[in-house]
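Only one structure is covered here, and it is reproduced in the block below.
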Amino acid sequence: MDAAPSPSSQCRYSYDEYKETADWLLAHTKQRPKVAIICGSGLGGLANLLDDKTVFPYTDIPRFPISTVPGHAGQLVFGRLKGRECVCMQGRFHFYEGYDIHTVTYPVRVFFLLGVETLIVTNAAGGLNGSYNVGDIMLIKDHINMPGFAGQNPLCGHNDNRFGVRFPCMSDAYDRGLRALAKQTAEEQGCDSFLQEGVYCMLAGPTYETIAECRVLQMLGADAVGMSTVPEVVVARHCGLRVLGLSLITNKVVTDYDSNSKANHEEVLRTTEHRTQDLQKLVSQLISKI
Ligand SMILES: *[C@@H]1O[C@H](CO)[C@@H](O)[C@H](O)[C@H]1NC(C)=O
């Protein structure tokens, strides 16, 4: 006879599993980063800027999931950026790949157990705000967790107090101090003309949005839309990490039925290549100030 379903069976991973991954990493590198960076689609080049690199393909790390998207390398890179120790996820896990929401966020709790205090997340996103241009960099000031509305919140299930409280606050998810620092840094390096600040809305994907969906998201107050980031941020805030989020606006969403333009992944990758340098420079300058 099958065991009766219990609420705890919905919690994919135990504390000990995250700990096993973290301990393995701590045993295999001397680096003790305080900053973790999750690189979005086409933005993995940031990891190449690190000095004194130690690289772990995801396939080598005990219990680590494996990435499947083109444009995502799938490795964890430890090293120094402007002298500061950090760890970069080159390739993230997306819900649309078929990972459950706990697996998508698995690395964040590992970072926490490594002693990381600040999480920087980057992504490629579609611009919903009419005043945004392709190539703009948007500081995320807030998010709309659409999969969360549909019951896909990574904190569903048993709460382990060693990570955080049952009902974590999300009104301060994107650290005000870090955003101020990012704005100041952008000004210093002359990219404030294409720096925006707005609300990121996550959809599960993998389909891009319909015209009607885009119009709904605009009405809800979202400035950019994408298929990542929010679950990781929720888990990071739960365990007390400070978060900075940056979206590269790689396309403008279609909101007009007479338009002939279509969203496509190649366009996203091309644009990221173009503005990637600026974004990388911004992040590395910023890290030297944290
Ligand atoms: C779009 O972005 C601009 C500039 O950040 C902002 O002032 C505006 O409130 C945003 N929203 C809409 C609906 O235009």
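From the backbone N, Cα and C atoms, a Cβ is placed for every residue, glycine too.
Secondary structure at His94 (phosphate binding site), taken from DSSP and collapsed to helix, strand or coil, is coil. Of all the Cβ atoms in the protein chains shown, 22 others lie within 10 Å of the Cβ of His94 (phosphate binding site). The feature phosphate binding site is assigned by TrEMBL to Ser41, His72, Arg92, Phe93, His94, Ala124, Ser228.
The feature purine D-ribonucleoside binding site is assigned by TrEMBL to Glu209, Asn251. Counting Cβ atoms from all protein chains shown, Glu209 (purine D-ribonucleoside binding site) has 20 others lying within 10 Å of its own Cβ.
According to TrEMBL, the feature domain 'Nucleoside phosphorylase' maps to 34-287.
For the domain 'Nucleoside phosphorylase' (34-287), the predicted model reports an average pLDDT of 90.
A 10 Å cutoff on Cβ-Cβ distances gives Arg92 (phosphate binding site) a total of 27 other Cβ atoms nearby, all chains included.
The separation of Asn251 (purine D-ribonucleoside binding site) from Ser41 (phosphate binding site), Cα to Cα, is 13 Å. According to DSSP, Asn251 (purine D-ribonucleoside binding site) is assigned to a strand segment. If you take the Cα of Ala124 (phosphate binding site) and the Cα of Glu209 (purine D-ribonucleoside binding site), they are about 15 angstrom apart, rounded to a whole number.
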